[in-house]
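Q: Found this in Swiss-Prot, in case it helps:
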{"type": "REGION", "residues": "6-71", "note": "region 'Repeat 1'"}
{"type": "REGION", "residues": "84-147", "note": "region 'Repeat 2'"}
{"type": "REGION", "residues": "160-342", "note": "region 'NBD1'"}
{"type": "BINDING", "residues": "GLY207, GLU208, PRO209, GLY210, VAL211, GLY212, LYS213, THR214", "note": "ATP 1 binding site"}
{"type": "REGION", "residues": "343-548", "note": "region 'Linker'"}
{"type": "COILED", "residues": "393-527", "note": "coiled coil"}
{"type": "REGION", "residues": "558-756", "note": "region 'NBD2'"}
{"type": "BINDING", "residues": "GLY608, PRO609, THR610, GLY611, VAL612, GLY613, LYS614, THR615", "note": "ATP 2 binding site"}
{"type": "REGION", "residues": "757-852", "note": "region 'C-terminal'"}
Amino acid sequence: MSSFNPTTKTNEAMQAALQQASSAGNPDIRPAHLLAAILEQTDGVAAPVLMATGVDPKEILAEAKKLVASYPKASGANMANPNFNRDALNAFTAAQELAGELGDEYVSTEVLLAGIARGKSDAADLLTNKGATYDAIKEAFPSVRGSQRVTTQDPEGQFQALEKYSTDLTKLAREGKIDPVIGRDQEIRRVVQVLSRRTKNNPVLIGEPGVGKTAIVEGLARRIVAGDVPESLKGKTLISLDLGSMVAGAKYRGEFEERLKAVLDEIKGANGEVVTFIDELHTIVGAGASGESAMDAGNMIKPLLARGELRLVGATTLNEYRKYIEKDAALERRFQQVYVGEPTVEDAIGILRGLKERYEVHHGVRIQDSALVAAAELSNRYITSRFLPDKAIDLVDEAASRLRMEIDSSPQEIDELERIVRRLEIEEMALSKESDAASKERLEKLRSELADEREKLSELKARWQNEKTAIDDVREMKEELEALRSESDIAERDGNYGRVAELRYGRIPELEKQIEDAESKVEVNENAMLTEEVTPDTIADVVSAWTGIPAGKMMQGETEKLLNMERVLGNRVVGQLEAVTAVSDAVRRSRAGVADPNRPTGSFLFLGPTGVGKTELAKAVAEFLFDDDRAMIRIDMSEYGEKHSVARLVGAPPGYVGYDQGGQLTEAVRRRPYTVVLFDEVEKAHPDVFDILLQVLDEGRLTDGQGRTVDFRNTILILTSNLGAGGTREQMMDAVKMAFKPEFVNRLDDVVIFDRLSPEQLTSIVDIQIKQLTDRLAGRRLNLRVSDSAKAWLAERGYDPAYGARPLRRLIQQAIGDTLAKELLAGNVRDGDGVLVDVADGGQKLDVSRAV
């Protein structure tokens, strides 16, 4: 034993054997203990070696455990630390000799297995009787460890390294587990051209996230399987290397490098038969480097890449390629760039049509072609931060998922009936305890009603179950059809043309006819409780859920609401018909789809004296659209008086404090692209601030400090100003031309001038202000009644042409609010009381008192 040099796994097996013998009460450790310990290792090499000899390792393990259980038991002080018996020591000696023959520096578990088989023990007999003889085990070594020698204490991590740390894409394609790739022929052809070169045959796919870089490699795998590639790639294996699993669990320095070296040696040993794919290629830069070492994965593969010994396909985004790969010129020159651009909307629709059947089978629903068109068009218009076709595929996937959830959930009609039945059952239990005649009569009626409702419920449940079963049957048939098509393709590749003919001209057409009949039965039922078809409206609902933008068709209620928008806004903003009409027209244009899709929904400059409703109209629009007057982005331009403050809107430039935080305007719009943006008191801002708004007003876009494009096409931009207040319309327009550059004014949809408020209009504003005060008092259940004479008194004293409606708000606060607060604190008015406001002292003041 002094010369026995075990690997880490062998050492672990010896410790496990000792533990087994000790816990079983065996006086010594025998080869059966070692055999059981070796085969119990989850990531050991002995089990794959046995499988290569045609023996089931689980069966051997079970038999070895039976042998251990049959050994004699003893008790005493030495039982805690049993020794290896002669047979076990002979096995170690045989294993050490075999390791020397193989040129191994350490004894690994599969060599110890051969040592056990060579001896004369019950464990050796067990292996030999099952067919795992010493010679058979020895011959099986190359299938697991190749031509590698054991030169480290952890060689098992290097055996079958390619199988452990990669995924065989060609195998997945052969099994039909890869989605079809539509289009991208030019990019795939370019990848094949680069792979066919003699040296530097390493294409790298670069493009924005979500444009289909990984899909191109999967498309190449499908083509290799179909034989639709040049001779230089026919029959090759395309594997996807998983650097994450290679790094995971590498505890000691150099362990990652050992694993990577084993993978590279295995690829090199395949003599060009293996093409390697690394997704997120930039991760190889720095992977495995530790401390002072510069030997990362990128540097390890450079020589192989240059010599053409490693055919590598990479995929990474533009930013990460620039950040990691381009910095290392020696690594960059070994790759050939293949740029993958974003597909057009038409191309994206083609891609969706190719994937449609896969998603129909997975979700068990049908997807209309018009829904695919809507997904491509709506995602292109409204989801600007992501790229086609990924965002369109996600829309279709989520819409189908939403529909499937509705099919699996109980319909609304059944839910409502179940609630009614539960309520009636509770009433029945309560009435059954009463003994008076009225209660008994009511109980009889209730039982009759309950029986009717239960019957209705059972009918509805039966209908729902039948419809659900019909939809599920179609889904199962589609799954079977896909499996048969995959089987047909495999049979064709294997040359089994009899089976191909049987499937393609027999079972597949028969199943297609059954699916067609089943789907037509589902369609015939017009009063169906369930819908199993994804429509453009379903897609639009998902877009609305993602972005908050109402992209779907307008319902009847919304149409009427939009047609009456002036009246709704006019109830809150009095006497400004021109402004209300301009904003209402902009919103209607947007919802009807006739607005320019490349500009904001509307951009307005509101001019007029203070207190006439400029800011109030912006709040009213926000309340109309979002049912909350605070649901808008408000930028107080008085805070942007200095030139440098423009950076606060779009975010600080690189190198400045706050660069990573984004801008106050751009971040807010990025989070809520469908909103009202109010720039209040614009004349107080520095003139340079308006230069950044030029692109927003004209193109509906703005680039923030981090280079991201923010979409303003679904916003309503409102700028308010007091410029020229008090002058005529012409004087106000002249003041605007003096204050703002012509290119800024020219980009606005409209410059709306607010008129001064008349005394008559102030009377209407009194009602609005009183209603707001009443709403604030609702929490204390106070019923506020203001007499007509008190309203007239407020309108008369609150009118000031120079200050608009704001003096009226202050007057209501002083004349009613202050007095009411004192009455509440004194206890003269309590929660739930009525409060009367009337004129007192001959019209000198208002009296606020508890209503009798």
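Glycine residues also receive a Cβ, built from the backbone N, Cα and C atoms like all the rest.
Buried or exposed, and what's around them? Tell me for each listed feature.
A: In the predicted model, residues of the region 'Repeat 1' (6-71) average a pLDDT of 81.
LYS213 (ATP 1 binding site) counts 25 other C-beta atoms within 10 Å of its own C-beta, drawing on all protein chains shown.
DSSP assigns THR615 (ATP 2 binding site) to a helical segment in the three-state reduction.
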Q: Could you round the CA separation between THR214 (ATP 1 binding site) and VAL612 (ATP 2 binding site) to a whole angstrom and send it over?
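A: Spelling it out, the Cα of THR214 (ATP 1 binding site) and the Cα of VAL612 (ATP 2 binding site) are 59 Å apart.
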Q: If you run through the region 'Repeat 2' (84-147) with DSSP, how many residues end up as helix, strand and coil?
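A: Helix (H, G, I), strand (E, B), coil: 48 helix, 2 strand, 14 coil.
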Q: List the same-chain residues at least 6 positions away in sequence whose Cβ sits under 8 Å from the Cβ of PRO209 (ATP 1 binding site), in sequence order, or say none.
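A: Counting only residues 6 or more apart in sequence, the Cβ neighbours of PRO209 (ATP 1 binding site) under 8 Å are THR317, ARG386, PHE387, ASP390.
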Q: Mind tallying the region 'Repeat 1' (6-71) by DSSP state, helix then strand then coil?
A: 48 helix, 3 strand, 15 coil
Q: Suppose the ATP 1 site is GLY207, GLU208, PRO209, GLY210, VAL211, GLY212, LYS213, THR214. Which further residues of the same chain have a Cβ inside 8 angstroms of that site's Cβ centroid?
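A: Along the chain, the qualifying residues are ALA315, THR317, VAL340, GLU342, PHE387, ASP390.
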Q: Count the other Cβ atoms sitting within 10 Å of the Cβ of THR615 (ATP 2 binding site), across every protein chain shown.
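A: The answer is 17.
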Q: Output the one of GLY207, GLY210, GLY212, GLY611 that, of all these binding-site residues, has the highest number of other Cβ atoms within 10 Å of its Cβ.
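A: Within the set of binding-site residues, the most crowded position is GLY212.
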